[in-house]
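Report on one structure; see the data block that follows.
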Amino acid sequence: MKKTAIAIAVALAGFATVAQAAPKDNTWYAGGKLGWSQYHDTGFYGNGYQNNNGATHESQLGAGAFGGYQVNPYLAFEGGYDWLGRMPYKGDQVNGAFKSQGVQLTAKLSYPIYDDLDIYTRLGGMVWRADAKNNVVGGDRRSNHDTGVSPVFAGGVEYAWTPSIATRLEYQWINNIGDAGTVGTRPDNGMLSVGVSYRFGQDEAAPVVAPAPAPAPQVQTKHFTLKSDVLFNFNKSTLKPEGQQALDQLYTQLSNLDPKDGAVVVLGYTDRIGSDAYNQRLSQQRAQSVVDYLVSKGIPAGKITAQGQGESNPVTGNTCDNVKKRAALIDCLAPDRRVEIEVKGVKDVVTQPQA
């Protein structure tokens, strides 16, 4: 039976990685519980008490009442009273009973699994009173009591049916209740219980809903990529007629975007053929040619800039590494020769009024 109780405690502790159907912050709650209470290590060995020669009923009904203060969703302080049960032992030579009760104070640590379901653990202490009777047929009759303090460990799950009503399933463990020098034994107690609690101050008037603020303007970014072979002849930075046609179409798209506070960046790229310095200069010249043309179409000169990137950021990767002939290599590297245009701006979000 002791192994069963420990297994339940371990299972509940395993859940305790997450926990919370907690009341509102800074509110009070109260409740009661009822369950199965079992004493462990119940042998008598002190103060003249004798062990039973018959059945010992270690499992009994346990009950309690509790109240607490919820500090925040994860922490509460809880106090309560527990009746841990009366354990009778019956034999034809020795009989009697052991019972205990106590007042406890614990910190309750919770964590939410779902909106209405928490896992929690309670840690603290109990001030207990233990009473024992021991009757030996034809011999001594003893009756003593003892008081003391023991640690309390508990874990469980709690579900909120409504904001004000919650239930909990809990396993609680208390070490060393009693003193063998007084009541003849010093058992431990484990109690598996079901509890119900009422949370005070959970209901409130529905808040007045303020009008939703106007949506924040959206920052938009658009990217366009044009092949340099369409815009320019190889190794040249002067726009071809078909390149101008391509930029005319691009200008129409840019005009349709119409962002506020817009800015356009034109990035020129080359392939890897040639020196770094030459490719950097050529990419800058090509980007500037595109900028000049778009400015001539109507884009404000202060809103558009040219940046030469040289042979950086090739899109072909290593696909052309084994191409040896120059003409074939030029064709293979064509995707690297490109002009990218990036448009950034703020666009107001228009919302429809509610019906």
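The backbone N, Cα and C atoms fix where each Cβ goes, and this holds for glycine too.
In Swiss-Prot, the annotation transmembrane segment applies to 101-112, one of the ranges 89-100, 101-112, 221-232, 341-352. There are 17 other CB atoms within 10 A of the CB of Cys332 (disulfide bond), with all protein chains counted.
Taking Glu78, Cys320, Cys332 as the recorded positions under consideration, the smallest Cα distance to Arg168 (site 'Part of salt bridge gating mechanism') is found for Glu78. In the predicted model, residues of the region '4 X 2 AA tandem repeats of A-P' (210-217) average a pLDDT of 74. Every protein chain shown contributes to the tally, and the Cβ of Cys320 (disulfide bond) ends up with 19 other Cβ atoms within 10 Å.
Listed in sequence order, the residues of the same chain lying 6 or more apart from Glu78 (site 'Part of salt bridge gating mechanism') and placing their CB within less than 8 Å of its CB are Phe66, Gly67, Gly68, Tyr69, Leu105, Thr106, Ala107, Lys108, Arg122, Gly124.
A strand conformation is recorded for Glu78 (site 'Part of salt bridge gating mechanism') in the three-state DSSP classification.
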